[in-house]
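Asker: Have a look at the structure that comes next, please.
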Amino acid sequence: WEFNGSFYQPSAFLMMGIPGLEALHPWISIPFCALYLTALLGNCVILFIIRKTQSLHEPMYYFLSMLAVTDLGLALCTLPTTLGLFWFNVRRIGFDACLTQMYFIHILSFIESSVLLAMAFDRFIAISHPLRHPSILTKTTVLKIGLAIVLRGMVSLLPIPFLLKRLTYCGKTELSHSFCFHPDIMNLACADIKVNVFYGMIILLSTVGMDFIFIVLSYILIIRTVVSLTTREECLKALNTCVSHICAVLVFFIPMIGLSMIHRFGKDVPPLVNTLVAYTYLIIPPALNPVIYSIKSTHIREALLRALRRKRG
């Protein structure tokens, strides 16, 4: 503990694995390794395929590249502490290291939310205004959107580590997960956390909350456009281009909303449920997104098959 008058701050926190299943951590690490390996290899393959295939150099796949980079970052943020705990029972994480990990986890989560919104906007323009799509979403525009997404995440979350650092901590130092999460750290403080709660809620609603609302609005407009199409085949073809994105949105937002609700209102929720939802939120989307896009996107699948044939040849 660091002491400065009445101000107390732990030198480290203790991370938790899966409550009640500590003895099985080495075995539980096997599916986690499979998920991390899928996330790392899958997203690297997506980036490689898009970079090497000239026909994929268009807005939809630029945004998919952003999603893949974000998923790689999320996987790499939690991998060292999660596998370190499961394999070697390394539970201790320094206070500043914890705040750093928390900051990057939240930034990447916010970036992923914004990228999914940008992809929804791309689908809306492609379906509603197909002739104007290339002129609206140029390479320069896509680059500007990407920079705006990163800056929004970095700036909006910048005060969070400082708001946590000003708090006095006492008693428990055990985190609920094998990684650092803002509400988790905040609830260990024995000081007034109203500012942290208020700021966290405002930022969450004004970023991820607004992103989700605009994604829903985009699909309402897309459905209106699709319904106006003359033939059933055209309707199905237009909707089929959105299936991968809809799956990615559901995989990301459902666990995120669930985890946010549990941290704020679910004090009576069993710790095991809290832990499983947290792992689902941070590990499943990076692993599933490349699989979803590889299966559902004909262009990605064909480019991947061509690359494999060239390698065999």
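Cβ atoms are placed via backbone N, Cα and C, with glycine included.
Below, the features straight out of TrEMBL:
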type: DOMAIN; residues: 42-293; note: domain 'G-protein coupled receptors family 1 profile'
type: TRANSMEM; residues: 24-50; note: transmembrane segment
type: TRANSMEM; residues: 62-88; note: transmembrane segment
type: TRANSMEM; residues: 100-121; note: transmembrane segment
type: TRANSMEM; residues: 142-164; note: transmembrane segment
type: TRANSMEM; residues: 197-222; note: transmembrane segment
type: TRANSMEM; residues: 243-264; note: transmembrane segment
type: TRANSMEM; residues: 276-295; note: transmembrane segment
Asker: Answer with yes or no whether the transmembrane segment (276-295) touches the transmembrane segment (197-222) by the criterion of at least three Cβ pairs under 8 A, sequence separation 6 or more.
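Answerer: No, the transmembrane segment (197-222) and the transmembrane segment (276-295) are not in contact.
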Asker: Do any residues of this chain, six or more beyond the ends of the transmembrane segment (24-50), have a C-beta under 8 angstroms from a C-beta of it, and if so which?
Answerer: 17-18, 56-57, 61-62, 64-65, 68-69, 71-72, 74-76, 79, 82-83, 85-87, 89, 279, 283-284, 286-287, 289-291, 293-294, 300, 303-304, 307
Asker: Suppose you look only at the domain 'G-protein coupled receptors family 1 profile' (42-293); what would the mean pLDDT be?
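Answerer: Mean model confidence (pLDDT) across the domain 'G-protein coupled receptors family 1 profile' (42-293) is 91.
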